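K.L.:
Straight from Swiss-Prot, here's the annotation block:
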type    : residues                    : note
BINDING : 7, 8, 9, 10, 11, 12, 13, 14 : ATP binding site
């Protein structure tokens, strides 16, 4: 089973992935956790380019193809083998990020981005996507605080440095994309306590796992 987490900066994806991983492992599941960009050896090198503040001159098209390259390697080297081995694999971001950030955020064609991602993922779309939704002003404050505390602003702060207008477009893009793919994407209000958020996530994941067991078992 393949689960992804999506959302603008500062929604608390990392915290919720840790909670979900612990819950699933305690329930007897074999779980792998990964992320984009950077889930493979090659991806780690691409991540340095994509998130670094020195890359502010990168064009939208260049950014797109670097993300697609990262994803193709990630799927082939990490995600597909884990799914085939019967594991639950959880990824912090996946193809929806590219469709939303580069499409709704940068103004590229979402339909074209979907088609390009179809090539990159080679049929390995998530079984379930958790979209953590929050007001961009709140999310950006959280993300900036985190990067400053962890001294990662230079290395990984390029998207946090984007305008509030950009992040508003991304948020609206996520909600639009979720509505178009509501069989797979569930929206969870991230402006709650971590435990309240996880309660909702756990219910959605358990429901999907039971459905997957009935279908395949």
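Cβ atoms are placed via backbone N, Cα and C, with glycine included.
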K.L.:
Looking only at Cβ atoms, how many others are within 10 Å of the one on residue 10 (ATP binding site)?
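P.N.:
The answer is 24 other Cβ atoms.
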K.L.:
Counting every protein chain present, what is the number of Cβ atoms, excluding its own, within 10 Å of the Cβ of residue 8 (ATP binding site)?
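P.N.:
By my count, 30.
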K.L.:
By the count of other Cβ atoms within 10 Å, pick out the sparsest of the binding-site residues 7, 12.
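P.N.:
It is 12 that, of the binding-site residues 7, 12, has the fewest other Cβ atoms within 10 Å.
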K.L.:
For residue 7 (ATP binding site), what is the secondary structure by DSSP, using just helix, strand and coil?
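P.N.:
Once the DSSP labels are grouped into three classes, residue 7 (ATP binding site) ends up as coil.
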K.L.:
Who sits close to residue 13 (ATP binding site): which same-chain residues at least 6 apart have their Cβ under 8 Å from its Cβ?
P.N.:
5, 6, 7, 92, 93, 132
K.L.:
So, three-state DSSP: helix, strand or coil for residue 13 (ATP binding site)?
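P.N.:
Note: residue 13 (ATP binding site) is helical by DSSP.
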K.L.:
Among the binding-site residues 9, 14, whose Cβ has the fewest other Cβ atoms within 10 Å?
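P.N.:
Checked 9, 14; of these binding-site residues, fewest Cβ neighbours within 10 Å: 14.
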K.L.:
Other than 7, 8, 9, 10, 11, 12, 13, 14, which residues of the same chain sit close to ATP? List them in sequence order, counting a residue when its Cβ is within 8 Å of the Cβ centroid of the site.
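P.N.:
Not counting the recorded site residues, we get 132, 134, 139, 142, 143, 190.
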K.L.:
So if I draw a 10 Å sphere around the Cβ of residue 11 (ATP binding site), how many other Cβ atoms end up inside it?
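P.N.:
For residue 11 (ATP binding site), the count of other Cβ atoms within 10 Å is 28.
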